[in-house]
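A.B. asks: Feature table excerpt (TrEMBL):
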| type | residues | note |
| --- | --- | --- |
| BINDING | 199-203, 240-247, 338-340 | FAD binding site |
| DOMAIN | 1-86 | domain 'Photolyase/cryptochrome alpha/beta' |
| SITE | Trp271 | site 'Electron transfer via tryptophanyl radical' |
| SITE | Trp325 | site 'Electron transfer via tryptophanyl radical' |
| SITE | Trp348 | site 'Electron transfer via tryptophanyl radical' |
Amino acid sequence: MGTLRWHFLLQSLEDLQKNLFQLGSCLLVIQGEHEAVLRDHVPKWNITQVTLDAEMEPFYKEMEARVRRLGEELGFGVLSLVGHTLYDTKRILDLNGGAPPLTYKRFLHILSLLGDPEVPVRTPTAEDFQRCRPPDPALYECYRVPLPEDLKIPLESLSPWRGGETEGLQRLEQHLTDQGWVASFTKPRTIPNSLLPSTTGLSPYFSVGCLSVRTFFYRLSNIYAQAKHHSLPPVSLQGQLLWREFFYTVASATPNFTQMAGNPICLQISWYEDAERLHKWKTAQTGFPWIDAIMTQLHQEGWIHHLARHAVACFLTRGDLWISWEEGMKVFEELLLDADYSINAGNWMWLSASAFFHQYTRIFCPVRFGKRTDPEGQYIRKYLPVLKNFSSKYIYEPWTASEEEQKQAGCIIGQDYPFPMVNHKEASDHNLQLMKQVREEQNR
């Protein structure tokens, strides 16, 4: 977990603490390994019930099992409810007849049988919190939200995205105000290199738990009900929530979902192991300005558009470098504010054509793809200021500029900015043949 996500999480906890305090309640944060914490605090505070989200990921499934065993030993009840997803993934899998394979089309059919996702029976009110008995005020300081310096987290790295329910709700309201935009939204038509996000940018808030996906789902349903026409899944805004749900569902029933070996739905590929090339990709030194600008934004802000994710993921894997999707997934897990076990791994398998996606002949060009929506290269100029003085003719391919033009731009390629690390056409043609060969062998 990288520095930006740590800051985002701590900001979210501070915001939660403030909002609970205004309702007459409080948030106490205990640091430590969960079993030791429970053994210490259950008798000390006379705890009778522990509540948690019904989890799907292997690590948290095991943690929930240990908490239940502790409950039997120490005498507290455990309440586990589905909150992070729209549906109970177990019900979806049961209707699918057990474990995957589960196609997206089949998934949508099952959801049609289930109907709209359930909503809580009742939303807590201020009166509920007033009936709580606040703990001793002395506990506030002892169990406060830790500061970044308490956790030895660098202070110089701060994303422009601020964590917390308050910020998340403001973003939600801001986007839902334009009902025409909501009704007509189609994900493929959004712009990956706009200087402000061309999508809702709500994913970090769903990931950490600042926003409820059910709130978003039903707010969208109300807008759709009033519109004469609206976009539909998989490209609509509700469709984006259903993609999230799909990856959660498949991940919950697939062994070794975040790796290639032992993963029954993943194509087994002999990827290259090349630490130097991987490092150049991660540190925005590929020599392709569109790719490097995306990776720079990822480092600086912790968020990039989904089509930008497609571009850099394809470049690392089947497009240019033929490096395993697992390596890219680890980088995203560290740097993304919305890093997520199920969605991160699912998308990396998709973009490397290892699972879900089979149109592997479609390879993103690291020059033409970005130029299509931002011909002047404003996005590159923002995130790679070393190239800002190149004309739009050369901004995506500065190595094609003459030596004199490079001098005028104040950037010598090979000195101030690297040459392209590969010949894209040669590399992509070679990798396409490798992918065809892998698929033919495994089909046989």
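Just so it is clear, glycine is given a Cβ too, placed from its N, Cα and C backbone atoms.
I would like each feature placed in context: is it buried or exposed, what are its neighbours, and how far apart are things?
C.D. replies: Close to Glu245 (FAD binding site) in the fold, though at least 6 residues off in sequence, lie Thr85, Leu86, Tyr87, Thr89, Phe107, Leu111, each with a CB less than 8 Å from its CB.
As a summary of secondary structure, the domain 'Photolyase/cryptochrome alpha/beta' (1-86) carries 49 helix, 10 strand, 27 coil according to DSSP.
Listed in sequence order, the residues of the same chain lying 6 or more apart from Trp271 (site 'Electron transfer via tryptophanyl radical') and placing their CB within less than 8 Å of its CB are Thr317, Trp322, Ile323, Ser324, Trp325.
Around the Cβ of Trp325 (site 'Electron transfer via tryptophanyl radical'), a 10 Å sphere holds 27 further Cβ atoms from the protein chains shown.
In the shown protein chains, 26 other C-beta atoms lie within 10 A of the C-beta of Trp348 (site 'Electron transfer via tryptophanyl radical').
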A.B. asks: Whole-number Å distance between the CA of Trp243 (FAD binding site) and the CA of Trp348 (site 'Electron transfer via tryptophanyl radical')?
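C.D. replies: Each residue's Cα considered, Trp243 (FAD binding site) and Trp348 (site 'Electron transfer via tryptophanyl radical') end up 14 Å apart.
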A.B. asks: Relative to the Cβ position of Thr199 (FAD binding site), how many further Cβ atoms are located within 10 Å?
C.D. replies: 19
A.B. asks: What average pLDDT does the predicted model assign to the domain 'Photolyase/cryptochrome alpha/beta' (1-86)?
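C.D. replies: Across the domain 'Photolyase/cryptochrome alpha/beta' (1-86), the average pLDDT comes out at 93.
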A.B. asks: Measuring Cα to Cα, tell me the gap between Ala339 (FAD binding site) and Trp348 (site 'Electron transfer via tryptophanyl radical') in whole angstrom.
C.D. replies: 12
A.B. asks: Between Leu241 (FAD binding site) and Trp348 (site 'Electron transfer via tryptophanyl radical'), how many Å separate their Cα atoms?
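C.D. replies: Cα-Cα, rounded: 18 Å.
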